[in-house]
Amino acid sequence: MAFFAHQIRRGFSSSAVRNVVIKQVTIIGGGQMGAGIAQVAASTGHSVTLVDTSDDILKKSIKTIEGSLKRVVKKKFADKPEAGEEFIQKVLKNVSTSTDAGSAVKSSDLVLEAIVENLKIKQDLFSRLDKLAPAHTIFASNTSSLPISDISSTTNRLDRFGGLHFFNPVPMMKLVEVIGTSSTSQETFDSLLNFSKVLGKTPVSCKDTPGFIVNRLFVPYLYEAVRLYERGHGSKEDIDIAMKLGVGYPMGPFELSDYIGLDTIKFIMDGWREMDPDNTLFAPSELMDKLVAEGKLGKKTGEGFYKYK
Ligand SMILES: CCCCCCCCCCCCC[C@H](O)CC(=O)SCCNC(=O)CCNC(=O)[C@H](O)C(C)(C)COP(=O)(O)OP(=O)(O)OC[C@H]1O[C@@H](n2cnc3c(N)ncnc32)[C@H](O)[C@@H]1OP(=O)(O)O
Ligand SMILES: NC(=O)c1ccc[n+]([C@@H]2O[C@H](COP(=O)([O-])OP(=O)(O)OC[C@H]3O[C@@H](n4cnc5c(N)ncnc54)[C@H](O)[C@@H]3O)[C@@H](O)[C@H]2O)c1
């Protein structure tokens, strides 16, 4: 009762707080994560609008989706290549693209953001879209490291705002962390949990705590790997081999850092250092800063810790 009274005070009709069945999805950011999420959402029958800043970037996103779908159908439709091609065309039909986020959100049940890891840019985006999206629309961020409550703070839909943290590569990784802030309504949280399940993922529930579950454990590991290397205590090749063969990880820390994107990692480190300047864990890495300054961002630019053809 208190919850509904709260909604009415904020000027929302009761229909705005019911469980939202998510059918129409707008994904903002067509990079590695946005394209992967768009692919999985479209493959599970959702109508997806993928938004980025230019048509050229969006063309590249669609090419990435097509390439990934080809890998998926090679396995899924091994004996039926025609059915595989049909599946690809059906999925691609479910994805449209736009450079106008404001128009795209007007018919959305869910707006999922996967843009650059920068608080101010994410806040500005959501603040603008909050005025344009329908009342029932749920907003969610795929941030790796920023508090969801900080991102949502520039909107008037704190109850319809949560985190959906996917893992890279999205088509392959089964986990989604579903994050609720102290203001996220139970209905919103349940809708996000349900959406993750419909995508074929396994969701885990998580509080809005730094690094959520995975990155809280994962970030110190990656930091330590880079520091070990910077001290000259092991080559990057040997550290990668050690973690693959010694612990059974599919990728070593340097291969994985290149896969994630060194710019994303630097954004995360810089942001955490700003929040906790005296924590030596967040001290800058000269090597990482140098690589990013040179545009060597990892696999996506052809070079990071390693070179790619
Ligand atoms: C000073 C301090 C510096 C350090 C600071 C640290 C800062 C913190 C950084 C935090 C970053 C946060 C990131 C984010 O928030 C959270 C993450 O996402 S973390 C990343 C999680 N991901 C992983 O850990 C990936 C691990 N790797 C793997 O699981 C596998 O390697 C792989 C990617 C699945 C690839 O598998 P491989 O066997 O290696 O290679 P193959 O190419 O043979 O692929 C196998 C199989 O999978 C199919 N496939 C692969 N990719 C795709 C795709 N994109 N789409 C479709 N299908 C794909 C491929 O076709 C193969 O299929 P098969 O041939 O077997 O049928
Ligand atoms: N890379 C990973 O492994 C990983 C994993 C989980 C979560 N994340 C998070 O997902 C988000 C995206 O990461 P990514 O690796 O896909 O980055 P990316 O650099 O591959 O893609 C980001 C995309 O957002 C676009 N963009 C930037 N500002 C925009 C705006 N205002 N409007 C529309 N589009 C805009 C860029 O043009 C780019 O195409 C980040 O918050 C990151 O922390 C990344």
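A Cβ is built for glycine as well, from the same backbone N, Cα and C atoms used for every other residue.
Computed from a predicted structure; not experimentally measured.
Record check, TrEMBL: NAD(+) site residues include Gly29, Gly30, Gly31, Gln32, Met33, Gly34, Asp52, Glu117, Lys122, Ser144, Asn168, and the candidate from Lys296, Lys300, Lys307 also listed there is Lys300.
Annotation: Lys122 carries the greatest number of neighbouring Cβ atoms among the binding-site residues Lys75, Lys122 [cut-off 10 Å, Cβ to Cβ].
Among the binding-site residues Gly29, Gly31, Met33, Ser68, Lys122, Asn168, the residues whose Cβ lies under 6 Å from any atom of ligand 2 are, in sequence order, Gly29, Gly31, Met33, Asn168. Residues listed for CoA, Ser68, Lys75, Ser144, cover a largest CA to CA span of 30 Å. In terms of Cα distance, the recorded positions that sit within 10 Å of Ser144 (CoA binding site) are His165, chosen from Gly29, Gly31, Asp52, His165. Ligand 1 lies under 6 Å from the Cβ of the following binding-site residues, listed in sequence order from Gly29, Gly31, Asp52, Lys75, Asn168: Lys75, Asn168.
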